[in-house]
C-alpha cells in the first residue's frame, strides 16, 4: 500500500510538472476542451457500438503504453506483484472513462475492460521484442525514428495493422485502425536524436524540417495505403469522407514532427507540454471542435522549430 501511495504521489507530481510546462493560456483551453470532450463522449456513449469501439481504443492505448514502459525491469525488482501495480495505474488512468461508462448506462463494459487491463499488466511485451536485428526493408535508411519505434512497438503495430485489414468491410472501422497506427507512429517521435544526427543532413533549419516531414509522411503512406485502398474498394460510397479523414491524419503527423523540433533538446525526451499538445493533435480527427488544431499547431510549431534548430544548424544557413 505504501508503494502504491508513493507511485501515485509521483504521478501527480509528473502531471503538475507537465501542466507547469504549458503557457498560461493553454490551461483554460485544455479545461474547456476537456469539458466539451466529456460532454460529447457522454452523448455518443448512448450508442452501444460507439461504447464498444471506445473501450477497444482505450485498451489498445493502454497496450501501447505498457509496451513502451522502460521501468518494467525496475518494478520487477521493487515489488513481487508489480503486475498489480501496473493494473492499478492503468485503472486510475482510465477512471474518467469508467465514470463515463457508468453514468451513460454502459457499466457492463467496465468488467471486461478491467479484465483486459489485468491481462495487459501481466504481458511481458518487452521480452518478446528483443530481436533488434530484425530488418525493415520498407523503412527508409535515414528514418531512425521508425526503426527504433518499430523495434519497441512491432507487435502492437502488427496487431493494429492486421485488424485494419480484417475490418475493412466495416464502415469506418479501418479508419479507426489507421488512426491507431498514427498514434503508434507519433510515439516514435517522443525522443530527440543526438546533435550529430542533425548535422548529417547538412541542411538549414527550414530545409531540414521539410525533409523530416516528407520522410515521415512518405513512410506512413507506404505502410497505410494498402489498407486505405482496400477500404476504399469495399466502401466506395464513403470515398470523400475516407480521403478527408486520411488527409487529416497526414496533417496530424506533420504537426507531431514539427512539435518534436519545436521543443528539441539533444538526447532528451520531448517535454511533457509537447506531449500534451501532441495528444490534442491526435484527438482532433475524432473531435469536430478540434478540427483546426493541427493546422494552427503546425504554423506555430514551425516558427518555434526554426528558432530552436537555428543554433544547431546555423552553419548551413549560407
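Note: Cβ is positioned from N, Cα and C throughout, glycine not excepted.
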Query raised in the report: Ranges 129-149, 213-233: which does TrEMBL label transmembrane segment?
Result: 213-233
Query - Top partner of the transmembrane segment (178-201) among 213-233, 239-259, 279-299 - counted as Cβ pairs under 8 Å - result: 239-259
Query - Top Cβ-contact partner of the transmembrane segment (48-65) among 85-103, 154-172, 213-233, 279-299 (pairs under 8 Å) - result: 85-103
Requested in this report: Could you tell me what the rest of the chain brings near the transmembrane segment (154-172), counting residues at least six beyond its ends with Cβ under 8 Å?
Outcome: 60, 63-64, 67, 125, 128-129, 134, 178, 180-181, 184, 223, 226-227, 230-231, 234-235, 238, 241
Requested in this report: Six or more residues out from either end of the transmembrane segment (213-233), which same-chain residues have a Cβ under 8 Å from its Cβ atoms?
Outcome: 138-140, 142-143, 145-146, 161, 164-165, 168, 174-175, 177-178, 181-182, 185, 189, 239, 242, 246, 249-250, 253-254, 257-258
Query raised in the report: Who are the chain neighbours of the transmembrane segment (279-299) in space, where the CB to CB distance is under 8 Å and they lie at least 6 residues beyond its ends?
Result: 30, 33, 36-37, 40, 179, 182-183, 186, 245, 248-249, 251-252, 254-256, 258-259
